[in-house]
Amino acid sequence: MYMFLGVSIIADRFMSSIEVITSQEKEVTITKPNGETTVTTVRIWNETVSNLTLMALGSSAPEILLSVIEVCGHNFDAGELGPGTIVGSAAFNMFVIIGLCVWVIPDGESRKIKHLRVFFITAFWSIFAYIWLYLILAVISPGIVEVWEAAVTLLYFPVCVVLAWIADRRLLIYKYMHKRYRADKRHGIVVEMEGDLAPKGIDVIMDGKLSDGNSCPGNSSSVTVSVQTGNELDQNKDEVRRGENAVVRILKDLKEKHPDKDLDQLIEMANYSALVHQKKSRAFYRVQATRMMIGAGNILKKHAAEHSRRAGGQDADKATCSHICFESAQYQCTENCGSLTLGVILDGGTGQNTFYVDYCTENGSANAGADYEFTEGTLVFKPGETRKEIKVGILDDDIFEEDEHFFVRLQKLRLEEGGGEGTGTPPKGRLVEPLVATITILDDDHAGIFTFGQRVLRVSESTGTLTVTVVRNSGSRGTVAVPYHTEDGSAKAGVDYEETRGEVEFTNEQTSQTLQVRIINMEEYEKQENFFIVLEDPKWLKTDKQRPEQTKCLRSLTGNPTPEEEEARRISEMGKPILGEHSRLEVVIEEACDFKSTVDKLIKDTNLAMVIGTRSWKEQFVQAVTVSAGDGDEEEEGQEQRAPNCFDYFLHILCIFWKILFAFIPPSGYWNGWACFIVSICVIGLLTAVIGDLASHFGCTVGLRDSVTAVVFVALGTSVPDTFASKVAATQDQYADASVGNVTGSNAVNVFLGIGVAWSVAAVYWEVKGKVFRVDPGSLAFSVTLFTIFAFFSMGVLMLRRRPSIGGELGGPRVPKVLTSLLFFGLWFLYILFSSLEAYCHIQGF
């Protein structure tokens, strides 16, 4: 059992690497029917494909590797331990795990499989896999596994994955149906979605518009986009909401529940609540279950506590350590301003130290000597001083050019003048962001390019008067008027907003101006309407103090112009005001959503790949020697985590050897998880080889045959972590897919990979030698047949439980729930009993 514990811990590392790998994202460009394009972040791995490949491999790696290692280690002769473990593990998964998941749902609640099409595919393959085993062992070529049979067994694995992917993507027979996309609750990105419900089901597609998070029924936070076949975009948001609606809802609920708490306290509470309620992967549940078993504590609470500790640590740091930075990260000035002053501030510390910090300018698109004066020097903060200034000279010219920028950098903070960089240990001061200031030089030789700062602006209908900024880039010469007007979109003037028409006037060297539009509050629960603010061609009102060439430009040129007048006209044309890239602003009116910036931060902090992954060896060794409370019940937000008890310390001491040993494995943050993935699977293989030998010796010692040892003890040992993971998934998930659906997929993968790889290698080996690969069909064929019969029966029971009187595969009224669980436990007991009786020849096998 101690070896099984080690395999569980290394499988924990393996699954955390898989979570990191499958959470990778990429950006794709989507073209709308009107020709506009938008960039959207999507997951690289399809959820169904990752469940049937990497997730299944991580969950079943010990069984698969045991089968391969047994064949290779016994001179390529068939053994009973590997295949027996795979069949025994399948029986345990199908009967015990599902029976337990039915039992643990609270009375009166139920969980239903949502993605029925994918479930039917995996359920078919999980049963067909064992029917196929019986056919090749007892029907097609009794007692002999030919090369083509082993190869077909292995090839069934990609076929199974492809068919499940087709069902998930709604391809082939689904190609004339609608696809849907949703914002993934785990990662805040867009993933392809499938389900057994019509568009009017759980994820509602609104007619003519996208359903916003506030309009999703229940607790769903998905954002749905309707897409026509052939990947033609029917409707799409310009900016993916990144799953923020659920977090907004949590923040609002917490604010109502705890009106006395400030924003920082609400963020801390929302961090844990968002982690608890978001959708989780199979890998996460497996990792969580293992860490609860070995005294590593509740990873969600540990992550939330660590986040709170880091946030508190920053404030505590300022008590003893001074923070020095620029007053602002961005500065602007006109080309003819002469010079620009930048502020540098000192915050925190004891106020008793003198600090020296160097600064220097760095080229960007602006060059020293041509656009600004190179400047460097040293600022001295004496005790009690909190602000210093840096002055940089700006050079003017009469050439029309784009706005340019350069940088000023703070560096080499020290306590002594002329000393080396450093402020002691512990540090008495440090440079913090922003330590680089960006200065933008606005050209004053052009009347300017007038534009909105963005293409889309989202506002709440409770905004009242909307103030929009029009910016003037690439010049600020003269007085210019820019007419504007509003245009209807799905929002209508007089209903959703007041129609507005007017002009904004920019005086000489003025770089921004505002216009106002009144938004009408209809007090709608859900809203997603848009209208447009359009800038018209700007026009001169008055030029700056009469440059000679401008005076010529403004005079009416009649007849044949002279060369001087032609040059004046050319210069005037180059310097006249024009519209920029965003002259048409789309204003989207929607229901109010609070804490926008806080939501973005919470989404980043609650990424599950970051929660269960590690980023350094130091972090891994600290986790290995740290004991945490192992309570599995989710407590209310904000409630402190309890201290470890004696049992937690016992589990920690029991597992300390494995924890420290496996801390040497590369962190999951390296190579996007692949380094941890490769090393972990190698270590699992080594441990599995040892377990195989120990299991055989144990069976020999107590007088058990390998077939019995495999279906009972080895299968039980390798399936315990999956049992706890499925139990947690059943109680926490809204649907039964994570607990029931993954069992069927794992069972199919066990056969196609575990037996397919092992028997393919052995069959090819004996074929090369001119012999055949012999496999005794006796106990294995009997176990496979028995499991197949029971599996058909159990699948039928699960489908019957979808009737409205029960409500779903898991849970339901107490009496049906208890009877179903006892039935499944009884099927497993009968399977073990009959398999053991056949192994000892008390009943007739095949």
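All positions are counted from 1 along the displayed chain.
Using N, Cα and C of the backbone, Cβ positions are placed for all residues, glycine too.
TrEMBL has this to say about the protein:
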TRANSMEM  86-106  transmembrane segment
TRANSMEM  118-141  transmembrane segment
TRANSMEM  147-167  transmembrane segment
DOMAIN    311-411  domain 'Calx-beta'
DOMAIN    437-536  domain 'Calx-beta'
TRANSMEM  646-665  transmembrane segment
TRANSMEM  671-695  transmembrane segment
TRANSMEM  748-768  transmembrane segment
TRANSMEM  780-800  transmembrane segment
TRANSMEM  820-841  transmembrane segment
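Simply put, out of 147-167, 748-768, 780-800, 820-841, 780-800 has the most Cβ pairs sitting under 8 Å from the transmembrane segment (118-141).
When DSSP labels each residue, the domain 'Calx-beta' (311-411) comes out as 8 helix, 52 strand, 41 coil, counted as helix, strand and coil in that order.
The transmembrane segment (86-106) shares more Cβ pairs under 8 Å with 820-841 than with any other stretch in the list 147-167, 646-665, 748-768, 780-800, 820-841. Sorting each residue of the domain 'Calx-beta' (437-536) by its DSSP state yields 0 helix, 58 strand, 42 coil.
Counting C-beta pairs under 8 angstroms (sequence separation of 6 or more), the transmembrane segment (748-768) fails to reach the transmembrane segment (780-800), with fewer than 3 such pairs. Residues 88, 91-92, 95-96, 98-100, 102-103, 705, 707-708, 711-712, 778-779, 782-783, 786-787, 790, 793-794, 797, 801, 812 of the same chain sit 6 or more residues outside the transmembrane segment (820-841) yet have a Cβ under 8 Å from a Cβ within it. On the 0 to 100 pLDDT scale, the domain 'Calx-beta' (437-536) averages 84 in the predicted structure.
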